[in-house]
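Remarks on the structure that follows.
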Amino acid sequence: MLRTMAFTSSDVRAAERPLLDRSVPLMRMASRALADVCRSVVNARGSEVERSSIVILAGAGNNGGDGLYAGSLLARSGAGVTVLAVGTALHDAAARSLMRAGGRVLVVDPRCRIPGFDTGFDDAELRLRLTASADLLLHADVVMDAMTGIGSKGALTGTASVMADLLAEILHDGRRCADGNDDNDGNGEGAHDRPTVVAVDVPSGLGVDSGTVPGASITADVTVTFGALKPCLVVPPVCYRRGGLVVVDLGLDLDPGRAVVRRMDASCASSRLVVPGAGDMKYSRGVVGLITGSQRYPGAGVLSVSAAARSGCGMVRYLGPRRAQDLVLQAMPEVVVGKGHVQAWTVGCGVDPDDHDDDSPASAVGALLRHYQTDDGGSVSTTGVEPMPPVSMPPVCVDAGALDLLPDHVLPQVVITPHAGELARLLTRMGHPRTVDAVLDDPWGNAVLVHRITGATVLLKGAMTLVVGDDGQGDGLHPDGAHPDGARTMVSGAGPAWLSTAGSGDVLAGLIGSLLAQWRASRESADDATAEERSSAGKDRGCPAVTEIAAAGAYIHGLSGRMASGCDVCADAEPLIMRVAPVGGVTRDSSTSSDRVPWNRARSIGHPIVASDLIEQLQFVLASLLRRHEDDDARR
Ligand SMILES: NC(=O)C1=CN([C@@H]2O[C@H](COP(=O)(O)OP(=O)(O)OC[C@H]3O[C@@H](n4cnc5c(N)ncnc54)[C@H](OP(=O)(O)O)[C@@H]3O)[C@@H](O)[C@H]2O)[C@@H](O)CC1
Ligand SMILES: Nc1ncnc2c1ncn2[C@@H]1O[C@H](COP(=O)(O)OP(=O)(O)O)[C@@H](O)[C@H]1O
Ligand SMILES: [K+]
């Protein structure tokens, strides 16, 4: 749970309460883990704690308290520790502990009231102190950001905001430019010509529960979060600013049903794969139908079909235009061209929505999607098409050109796969005008909005891909209450930036269609699936499996990108779990090797790829996930 589930600030606070009532020293425990990470960061920089310089940006709340207690432990280990007090006070007991250990305090906020320190200084003095702060930040090994945590309200204000901007400038320019000297370590890397930023609980200045960036904020190299993941650490755009993740297990008793966001991981993705048995045949393994490609973009047909065929289904049926058919058959002679029964669809890749000819792919897609149209209450609309019970409709992955043909309200087994530009266009068409930048500023909020107004399962592509779908159990609310009747949000950030290459989305759409067909076929043929179970799998509300399968598709796609490019830099690496007892030492999860710890900067940047390379890798990625399946089965 600590690795995959994110909880709102209020749920984390509520879970802390009983422990605090029992006098469990949560802040001391948190700060021990934090100090341990800082020591490792210093060592990873090739330095020693005794010779290191640690600067702590400390606010007036408990987040500042965590930083101060950690600073106190580091000062006792011999580090030079300076606290820049950026708020109206400092956590009293923690500040005294720090000073007893030999740490120094520089008050930077003129409003700050700390016994024994100058306050209320004038602008000239403030400028001097800011210059001194800049110098300290510039030459620090580690900057600990302890300005605001889960008590953060809106955009950073006052000195905290000034400090965030100052640090951003220093990180951007590096020590070399700021000093005019070349501090490069001579090995050609220059990796340590700037401090390593360790965020305490969450990077300051960010929307903790929304994942948005309202103003000046901190960008961290490592975030050490306490008790549980918070939404901002896993949803974009904030997740791009938190660096490597460490989750400190404080023993909080959190209800998994209240997780607002879940990270897709290997274990969950592998559990969504279907393994054929002796009684299976091609039809029972899942047949996916594709209406993709066009006279103008036949390649999208080839890519989507090849990806579908390589993703484990029993058969692929192709219904694209003539020119694309020939190319598809050349690339994949296994494909069957023409109509027939399918258990899932992929439509839209390379389809021109404005091609209104009767036999055009757009016309076929439009006619198909009308079968999924519902009224707002979830009943299938019968206007102009033959009525079909919702449960009998196979899932459909709606990509690219087909997004323009999406009815206003559809069944939840409709998975739409827009990128930010397509989502903005869709929202604008539906009467909620958005620019692409507005979507990129709040991808989660906008994905939830599209899910709410269309009823579709929404997969919003990006470095961190978001999937918002109906949960059917009322868990997993977006914290702004935009979807009070229950939505599930999953994220997957397994792929490197090399993945953003033309045709990559076509591969994803084909892959998702294939996974959906296999799931649907397995539900149809499962001996133990009662009629009731079967109907609940496709009920007008409640398709948690569809959400998970779409997210598993994004995860598999991401891993294929990683394998094809040889790059392991991606938006979402596995967090490191640290366990800390009320008394005693800090332990790290034994499964994490030292080259995978989040503060290790050695990463392989890999090389460019084309979308076809992803298809070649699919079988190897699926093989590794299926091995995991086998291992999990053996454990059960
Ligand atoms: N509970 C526990 O047992 C445990 C809690 N733990 C830790 O406590 C943290 C929560 O502490 P918290 O509740 O004191 O809030 P916190 O994040 O320090 O923020 C409040 C301060 O920030 C300031 N501030 C706010 N917004 C601002 C803005 N926009 N711009 C500028 N300033 C702003 C605000 O100023 P004020 O509004 O009062 O002027 C106030 O000074 C949590 O994240 C974790 O680290 C761990 O030790 C584990 C055990
Ligand atoms: N910076 C990035 N890092 C990792 N993956 C990315 C990044 N940007 C985009 N992607 C992924 O690349 C794919 C691009 O899809 P899409 O834009 O639909 O391409 P196309 O339309 O050319 O097929 C998506 O799966 C998306 O999640
Ligand atoms: K912080």
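Here the Cβ of each residue, glycine as well, is placed from N, Cα and C on the backbone.
Just one of ASP118, ASP122, ASP145 is listed by TrEMBL for the same K(+) site as ASN63, SER204, and that one is ASP145. Listed by TrEMBL as binding AMP are LYS461, GLY462, ALA463, MET464, THR465; the candidate from GLY421, GLY503, GLY505 that the record includes in that site is GLY505. When secondary structure is read from DSSP and collapsed to three states, GLY505 (AMP binding site) falls in the helix class. Within the set of binding-site residues ASN63, ILE150, ALA463, ASN63, ILE150 have a CB atom less than 6 Å from some atom of ligand 1. Geometry remark: ALA463 (AMP binding site) versus ASN62 ((6S)-NADPHX binding site), CA distance 33 Å. In this view, the densest Cβ surroundings among the binding-site residues ILE150, ALA463, MET464 belong to MET464, judged by other Cβ atoms lying within 10 Å. Over all protein chains present, the Cβ of GLY65 ((6S)-NADPHX binding site) has 26 other Cβ atoms lying within 10 Å. Screening the binding-site residues ASN62, ASP145, HIS419, LYS461, GLY505 for a C-beta under 6 A from any atom of ligand 2 leaves HIS419, LYS461, GLY505.
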